[in-house]
Structure formats: C-alpha cells, structure tokens
C-alpha cells in the first residue's frame, strides 16, 4: 500500500474515533499493524482513546503499549499520559508509575494523571509523596492537580496534609475554581468537619450541581437530614435542577429523618422529571419506605422492581425485621434462595438480627449453617452479628467459637464478645477478652471501653476500671456518655458513693441509662438506701423511669424489707404502664416474698401475662423461704408442664423446699435429676442444700458421707451447713470434723469460731468452748456484733445485742419484761444463756445478752406501726395455709385433723375459713366433737353470724355436749352480736365455770348497758372462788395418799382463780413428788 493509502487509513482511525466507534478504531489499528510497519503517534493515541470505558477493550492496552515500545514511542509524553490514565483507572497503579517514570518529558497532564490514579486507588501516601516530588521538580501544580491531591486526603490520617494543600491552593489563586471547591467540600465532609465544608461552600463564587450534590450527600451521610433539605431549597433558588445524584442523596436524608411526606414528594418528582429508575434509585426508594415504616409501599416497590437485585431483597428483610415479623422475614429469605438469588454478606445479618430480636435462636443456628455452606461464616460482618446473637442469649461458647474462626477479627466482633460476657456477668472472661483484643493490635472503641469498665464494675475491680478509664482520654472518648455511665456504675458498685456522685454530676446530658447506672450500681453493691435516694431524686428531676429503673428500685426495697416504699414504687409501675413487663413482675414477686407478704407475691405471679424461668424461680424460692415447701414442689411440677426448663437456680429453691418439709428421699431424687434429666452440673450451693436436707432430718452420718463422696472439693458453705446441723442435733463428733475443715478454709472468719463454740456449749463441753475462744483471741479474730433494724414512723432504728444506747432503752426493756411475764404465764419457759456455764450466769446482767432482733421487735410492738401488724397477720396466714396443705395430703381425715384445722383458723381469726372447714368436715360425714363445735361457734362470733351460731349451738344439745362444751365461745358470740339476753341464758346454764366465762359475761354486761349486773356478777364470782378451801380439805382427807395428778389439778385451779395461799400448799406437795418435772415449775 502506498504512503497515501497509509495516511488515508490513519485519518480514518481518527474519523471513527470522532464517530464514537471504538471497535472499528481498534479493528483498523490491528489491520494497519499487520499490513504496514509505519504506525505513528496519532495511531497509538486513537487506539488508546478507543480503549477507554470498556473492560473488554482494555485487554488490548498492554499489547498496544508493547507495540508503542517497539516503535520507539514508549517514552512519548502524549502516548505515555494516556497509558498512565488507563493503567491507573484499571487499578494497576504500579504499571502507571513505571510508565510515568519512563517518560522523557512530563507535563502537567502527566502529573495530574498520576496523582488522579493514586487518588482513585486510595493510595494517599503515594499521592502525597508524588505531590512533594512535583514541588521539588519545580512544576507548578494546576487546579486539576490540586483537586486530585485533595481527593487523596479524604482519609482521616491525611486530614492535616489536606488542610496544608488547601492553604497552598488559596495562595496560588485556585480557590475560585469550582471543581477545586467541590474537592475541598468532599475533603472536609469525609473528615467529619461539616463546619469547614459549609464555609468553603459559602465562599465559592460559582457553584454547580456537583457542589450542591456533594454538600447534600455529605449532610445526609452525617445524619444531618434537615440541613440537606435546606441546601436543596437553596439549590432550587439558584436555578439549578436536581439530577439523579441529588434525588438519591435527598431520599437518604428523608429516610434518616423519617420524613415520609417529603420522601413521597421526591418520589413523585422522579416520575414527573422523567428520570430513569435504575437499581440504585429503586434501592433508595425502598430504603426510604422501609426506614419510615411504610412496609406495604415498600413491598409494592419491591414487587415492581428488579427481582434479581440482591440489595432489594436485603432491604425487604430489614423492613420485616423492623416490625419484628420473623415469619415473613424467614419466608422471604427462603423465597430468595428458591428464586436463585444468592445471599451476600449483608443478607445474613438482616435475617439473623430478626432472629435475635424474636429470640428464635434455633432458626438463627440454621441460618448460621447456611452461611457456612455459602462461605460467609468468615465474613467479619456476618460473624459480628452471629457473635451478638449467641452472646445476647448466653450461648457464649458458640459465640467464642465463631470469633475464633475469624481470620481477621475487627473491633466490632471483639466488642460484641466482650459485651456478651458482661451481659451474662462473666466479667473475668470479659476483661480477658479485652486484653486479648489489645494484644491483637486492635484499639477498642467507645462501646468496648464502656463494656470493659462495666466488667470491672461486675468484679468490683476498682483499680483496673480506673486504668481502663485512663485510656478513654488517650482514645479521644472522654466526652462519650456511655463510658461515663459505665464509670458511674463502677463507682456505685464498688461502694464509692462520693466518687459515683462526682462522676454523675460531670455528665452534662444525663439520660435514663445514666440514672439507671447509679440506681442499679448502689442496689447491686448493697447500698440499698442510697439506691432509693437516687430513685427519688430521679423522680424530682423529671426523668422518666423505665423498666430497669423500677427493677433496681424494687430490688433495693426488697433487700431492705421496705414494703411500704416498695408498694409506692409498685403504684408508680401501674401508673406508667410497666405492669406487664416480665422483669418488673419478677421484681415485685421478690419484693413481696422477701417482705413476708406471700399472698401478694403469689397474686403478682398469677397475674403475669408472660413468665420466664426467673418468674418461676422467684416464686418457688419465696415458697421455700416461707415454709411452703409442698406448694413450692407443686409449682415446680407446674413449671415443667408449661414447658419452662428449670435451671440451676430453680433447683436451689426445690431442694430448700424439700429441706423445710423434711422430704429427704424426694430431695435426693430431685438432686439426681439435675444431671440425669436436665444436664445441669450441681454447684456447691446444691450440695449444701442436700446436706441441709440431711441435717434438718438429723441424718448427720449420711450428711458426712455425702460430703466425703462429693466429686468437687467442699467449700466453707458446705462445711458450715454441716456444722450448724451438728450444733442443732448436738453431734459433736461430726461437728468437730466439719469445724476442722471450716477453720482451714476460713481461719479469720469469726462466724466459724462462734458456731463451733456454740456447738461445744450446747453439749456442755465448756473446756473445749473456752479453747475455741482463746484460739480466736490468739489469732486476732474478732466477732462483729450483730445489728437489727426496724422502721418506725419513717425512721430506721438500729439495735445491737444488749443495746442501751437507744433514747427509749429503759422503756424498751420494761416493755420486754412485760412481754416475758405474759408468755411465762401461758407456759413458755425461756432458756437463760444456754451458751454459758452455770457459774458464768451468776451475776450476769440479764439485759446484757438480749438479742438485737428481740429489741427491734419489742420496740416495734411498743410503737405499734401498721407495717409490723401487717407482717404479723401475713406470717399467721402463712402458718394456717401450710396446715391446710398438710390436711389435704391426708388420705383419711378424722375428727382430730379437721378439728385442729378449724381451731387453727379460729386462733388466727380467719373466721370464714373456720366455717368453711366446719361445713366441709360435715359433708365428709365426720361429726364434730365438743372442741370442733366450740371453734365453729367462735368463728360465727368473729363475723357476727348470730343465726348460724345459734344453729351450730343447737347441734351441741343433739350431740350431748350441752354440759361439756365451753360456752365461752357462745358468750363471745352473743357479746359480739349484741344479744346479751342469749348470753346470760347460756352462762347460767353452765354446770362448770372458770374465769373465762366470768370475764366474758362481766365484759358483755359492761359493754351493753347493764353495768350493775356486771358488779353483781363480780361479787358472785368471788364467792364461787371460795370452794378451793373445800377442794384442799378434800385432798388432805383422802383415804389414800394423793398423787401428783391430784395436786397438779388443785394447783391449776388455784392459778385460774388466783388463790396464792392454797396454790403454794399444793405446789409444795407436787414438787416433793416430782422435783424434776418442768411442768410443775411452770404452773407455779
């Protein structure tokens, strides 16, 4: 071909390039290379231009580059600039740099191409190095070069260099260039400096659509949706029309604000403006409706959109997750797979989060298996969600396994693991993971630091917590509220009240978590009074209480036995609508259970809409603590029937119930079932409960054998339980063995020495007791005196043993003496200092050893606060309900068992229960005896049921008990019902009368008007008392010698009628016959 033909072919290359037919350009370039040896610079320029914008065409770039080198054009500036641009855009920055270094001469285009290439490949360090080289070469940077280098400085570590470049550009007068301003706005926005970005925007003389889009997009990404919409309005005033990028950014802004109305307006604008709806725009629209909660519209867009786009599927999974609809989420997830859409690294987290929120960990585990099959288990994003899911529900071993499988662990995965440990109170493991994370070179974020401080709080590791807090300042998180909240909780749980309040006050914006941290911290550290003070202060500050606040406050009230305060908090719970929260219900059960109001605890339990294992554990434990062992076991059976799996805490309550009821074999069966049926490894607490079961039943040899055969070493609690049982049953041999181990484990615990000392004292081994006391003194062990508290008129009073410091001490001891006298009269014999030898008791001040609890109760009775009376009634009610349960267990109930139950109801003034049991007994075909009839009449008196009482009294005559039944109950009935005439009839028909009928009749006359009759009755009563002389004379004149029963009968009559003279004579004879019988002394 002639030279002219070659020239024509060269011009045709340029022509096809101008016609935007790159394929034909490359075809002609290849033909020319095969047929003619004279390829010129223009041919290479056209061919390289034709390679832009297509991955397939780019494949021939290395071939063209090679031909350029063979033709001697490898160092050509124009060809080289094109090659630099093509290599850089394809991610081959190293190839581009080689071409750049090989150029014979470089112009601004060369420098800009290389700088731009580094910027596009995220090589900021290399870009800055090249920029410095450009300066050293004496090349003055152009605005384009400045724009490229600014794009390389958008990472946080290059922010300072970016500001320096900004200053140089300002000096060189490039500030007015719009694209330079756009690059500066991008720089400052990506570095989080919105204020500087807006300043650049305001100073720009000319703004284009890119300028507004950049600022709108930056505000939207920073979560400043309102500012983004304001800039959009300014854009419209400027006469610039929004493009797809603008709408995309604005939709994101509306989504972040939850502004569905403006979002819908933008959606409408898309259609009116005729903008194409590609998969990115569909995703933005779907994201808008999902975040605004309009799931129905989101589903319409999803169904009309590109169903092959995995992003749309992911967004719909997020939508169903937001409304916690696991059924639709799982259905969509499996439909996605059926449609052949392969899940990506964002799909699995979407569905796994929904499983976490719904508590469906089994389904989450299945999806975890799918992620393994599809190769996403090692993805950091997927693994982070898996760790979070397993951690939140206590599957910490699985969570840790997922973490260990990760080749590259990031801060999110480590933080999720640490937070999981803290949540489930594995604080030691949390701190170990925190250290391990740092060893891996990963710096903790604010959540990780806050979790680590919370872990220290759980362990009360004050020093370690402060060391971690020191790192907060180094990390730049000193103003983070979550860290300050954790610090407040740390101080509170460590009992550092002053520091806790100081840190609390330093928090400028206190949220609910801040207050809760202080309340819960004090409550968990045993500073319950401080916790309640903070709770009240929180109320005064106008901060709303949430579930966690109420739970902590109720817990503090429960531990203080502050039922009055607890009921006030309960009222607040009802007002704020938190009654149906399971955690609050559990706290209320615990409150009423610990305060002795078991019926209220049971009511709260029965009214709970949802019960978890904590609910069941709390009510079972309350039953056990209040002597309702059989009811606790019934609840345990009911718990299993409802599908709630018992845990280790459940069995503590169950075993305690068996101990209190005396069910030894049943207790052992429950203990064995822990490991056999439920796979629960017994803890030392459980072993201690079994030992207590044996101990209470007096089977100390079995208890000793059980301890010796334990698979784990017994701790102090186990040996202390055994020693306590030995003290009760006076088994000093086993007690000494238990004490030996106990003192080895706790050589400085005063309680161990005191327990052993008391064991020796009750068995009369005074020398051994003295030896233990000497051992305490030699070892410097000191027993702290016990204290008892009681609240009277909103003031808490504390008492020590033998306390004389109280302002009303004299009155308290006088009142206690009165109580002791009264109980002595009814036959109670008080043991004096059974822990002291007889010689030691001589001259001992009887008030010096009065128990602190006895002083507190005496003061309470003396002050008669309503709370004490309520507690007394509650405890009495518990006693007869337990008796009722025992009665129901009897296969054959006789008159004795029924009468005991009826009399118990009468004793505690539960009159309706009395009459109900009386009717039930008769329905069973059992005829009441004299005691049963008297108790039933007394029950009628309690509720003033005159007619029913008279009906029962009629049965007295039918049963033949008219002369035997104590008529005082009928008299009480008549007196309470105001029927004095019926009472008088009953009284004078009595064949025998003691002081009770006389007192009742005299009181009735006084209360109902005939006062003179009351005085007449008193005189008559005194006359009848004179018959004791006849009784004495009759006893002395008997033809046979009177035995102890004779003299005891006379002594009892003297006691009733208060005839001390004859009483002393009868007692003399009685004590001569039975000098060692305690009943005789008590009667005297």
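Just so you know, glycine gets a Cβ as well, placed from its N, Cα and C.
Among the features that TrEMBL reports, repeat 'PPR' is placed at 107-141, 208-242, 309-343, 410-444, 480-510, 511-545, 612-646, 894-928, 994-1028.
Within the model, the repeat 'PPR' (107-141) shows a mean pLDDT value of 74, rounded to a whole number. Residue counts for the repeat 'PPR' (208-242) under DSSP, split into helix (H, G, I), strand (E, B) and coil, are 26 helix, 0 strand, 9 coil. Counting residues per DSSP class in helix, strand and coil order gives 26 helix, 0 strand, 9 coil for the repeat 'PPR' (107-141). DSSP states for the repeat 'PPR' (511-545), grouped as helix (H, G, I), strand (E, B) and coil, give 26 helix, 0 strand, 9 coil.
Residue counts for the repeat 'PPR' (894-928) by DSSP state, with H, G and I taken as helix and E and B as strand, are 26 helix, 0 strand, 9 coil. For the repeat 'PPR' (480-510), DSSP puts the residue distribution at 23 helix, 0 strand, 8 coil.
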